[in-house]
Structure formats: C-alpha cells, structure tokens
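One structure is given below, encoded as structure tokens.
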C-alpha cells in the first residue's frame, strides 16, 4: 500500500514538472491519430475510385463483346428485331463477377498505421497510381513524426521508472541512476532467442510455415520489414 502511494506521488511529481512537455506529446499523439484517419480516407478514396473505373471499363468491354456476338449471329435478321435483341441482351446492366474488394475503412487505417510504424501491411497494397504516390508522400512526412513520438515516450517512461524507484527506495534512492547500456553479447542472445522462439511457435499457426520459414518470418517482423505473402492465416 505504501509502495503504491509512493508510485502515485512520483507519477504526480513527474507530471507536475513535465506537464508542458507531456501535453505537447499528447497533442502529437492526437495529431498522429488524425493523420492515420486522414490517410485511411484518402487511400480508400483512391482505391475505390480505381475499382469503380475498372468496373466501368469491364462492363463496357462486356457490352461490346455482346453486341459483336449478336451482330455475327443475326446477320439475316431484320433491323427492328436485331435492335430489340441488342436492347434486351446487351444494354441492361449485366452482373459481373469481381474479385472481392479488400479495401475498407478498417484495412485502410491499418495500411496507414503500417506505413507510419514501418511494420508492413500484409497482403493489401494500393493498385492505383494515385494511391502509390500518396503512399510515398504519406510515409515521407509521417514516419519521422512517429519516430520522434515513440522516442520521447521511451525517454519519459525511463525517467518515470527511475523516479519511482527513488521514491520507493527512500533516502538510499538518491544514488539510483539510469541503467547502463546492454552489452552487444546480451543483445545478440536476446535476438537469437526471439528468432528461435518464433521458429518454434509460428509453425503451429495455420499457414506456409516450417522451422526455417518461421525464422525468416520472425526476422522480418523483428526488423519491421514488410513480409508480403508469407503471413499466418489465423
């Protein structure tokens, strides 16, 4: 109970002395959320517009094929009857089967977030020129902002953790400083442990995975590289 009180007091003091900076970073996070929504709506607009154009072109092509077929088969028919057949069989909207559209507001938001965090976005990608150009511009301005925000949060969490430890330790806590940097050998052990755990557990997911593909997938996730078609089905 006392430790909890010290933690709350440390958090209050930390907020009081850093309230302006914390407020500025909260505004940055809010801006990031608005930026993600802005990107989602624009990506959805570009891709749905591209799909609509493709649908119209395909419908026009199907109509032309229908007319050509009737003209070839109905050379001996009179013009009135031929016109009637063309109107009834080719002019009405025909049901055209399209590949399921994967773009929605949710997937567009995930795509936008994947760009900002450089984590990748799986199977979905823009097919329109406008969408691809906007991807470059969107990431060019959004990724640096995201890196700055995450870096600042990491620093604040580290400073808050030190402040809490000092409060809990009492008079002896004045000597508590930031922990020394992790050695290179420790980092290597942590990375290889992460990769091996991924190689062992990822194959249990339904997908195109074995041990070596599990290592490959874990490495791509760890380095925040887009992983394309090789993703778990569940």
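In case you wondered, yes, glycine gets a Cβ from its N, Cα and C as well.
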- Among 103-120, 211-228, where does TrEMBL put the label transmembrane segment? 211-228
- Can you check which of 58-82, 133-157 TrEMBL lists as transmembrane segment? 133-157
- Distant-in-sequence neighbours of the transmembrane segment (133-157), which means Cβ under 8 A and at least six residues beyond its ends: 18, 21-22, 25, 28-29, 31-32, 35, 39, 42-43, 46, 112, 115-118, 126
- Note on the structure: Other same-chain positions with a Cβ less than 8 Å from the transmembrane segment (22-46) and lying at least 6 residues past its termini are 15, 103-105, 108-109, 111-113, 115-116, 126, 128, 130-131, 134-135, 138, 142, 145-146, 148-149, 152-153, 156
- Item | Residues in the domain 'Potassium channel' (102-158) grouped by DSSP into helix, strand and remaining coil | 43 helix, 0 strand, 14 coil
